[in-house]
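Notes follow once the structure below has been shown.
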Amino acid sequence: MLQSLAGSSCVRLVERHRSAWCFGFLVLGYLLYLVFGAVVFSSVELPYEDLLRQELRKLKRRFLEEHECLSEPQLEQFLGRVLEASNYGVSVLSNASGNWNWDFTSALFFASTVLSTTGYGHTVPLSDGGKAFCIIYSVIGIPFTLLFLTAVVQRVTVHVTRRPVLYFHIRWGFSKQVVAIVHAVLLGFVTVSCFFFIPAAVFSVLEDDWNFLESFYFCFISLSTIGLGDYVPGEGYNQKFRELYKIGITCYLLLGLIAMLVVLETFCELHELKKFRKMFYVKKDKDEDQVHIMEHDQLSFSSITEQAAGLKEEQKQNEPFVASQSPPYEDGSANH
């Protein structure tokens, strides 16, 4: 009997602190995922780094042997200056010095990468004034960009996600959850095709040194705002229509980021994912826990603004696709 009482008390203890246990496992899983990534990257990339270091040492030794009039400290000083300039986007190579980094189109591309926090790092401000302006520009521009993306994604989601799902639910009587899942998968497939596969094929043709994998890698690194900077389009020697090309890339990155956020918002609104997310939230038991800045169920871009604002109030009996927090849609909008 004591064992049964102890077992039941343990079960009650686990159930009472279920959210804390789930959160603990979430933190542990994230840390393990970080360690897993570090182990894989280290095991894959470290041998290549070692080979490259050996190759550079051999080239340096051979160069000094062929040019005995040049001392090693002089060569080190020259290479250090070249590498320092390269870090600022200026190359000493004759076939790479024809493109300016701070003409208008290049500056426009740089501004877009700063505001979207992609930041390839291939071009950086050279002057103290440019660095100071970059700080001020980013402090104002990044929140402005978040507000802009929030408004755009909210409006696009209404027309691209909620109204189509509501249309099939009301007009054809399909289950809303099933329609939402199918719609999210189709939307993800279309987005990947239009903003990853097709642009990757285009970049592999326009960029001389890029294959399809490298082009796809650039698209993913850019639209996920990782922006490593190892691949930057439009930097080739004598790039044709470089100004127009840079403007097109800027538009592609902006539209692609919006598309990615719309897909993310669509998946976040799925009922199953909402239930899964709530497993890691703090359970609101007390009245003071109810007062907070952001609702737990509103960790998405479209939740910052009102959902589907301006729709008629007499259609409240039509349940929206998201949750009860979003105002219902018009019947007329679903029949378009």
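Glycine too: its Cβ is placed from the backbone N, Cα and C atoms.
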Answer with yes or no whether Swiss-Prot records P164 and P233 within the same membrane-side topological domain.
no
Range annotated as region 'Selectivity filter 1' - as stated in Swiss-Prot, picked from 15-20, 117-122:
117-122
From 69-74, 123-128, 207-212, 225-230, which range did Swiss-Prot mark with region 'Selectivity filter 2'?
225-230
Mind tallying the region 'Selectivity filter 2' (225-230) by DSSP state, helix then strand then coil?
0 helix, 0 strand, 6 coil
For the region 'Selectivity filter 2' (225-230), provide the mean pLDDT of the predicted model.
84
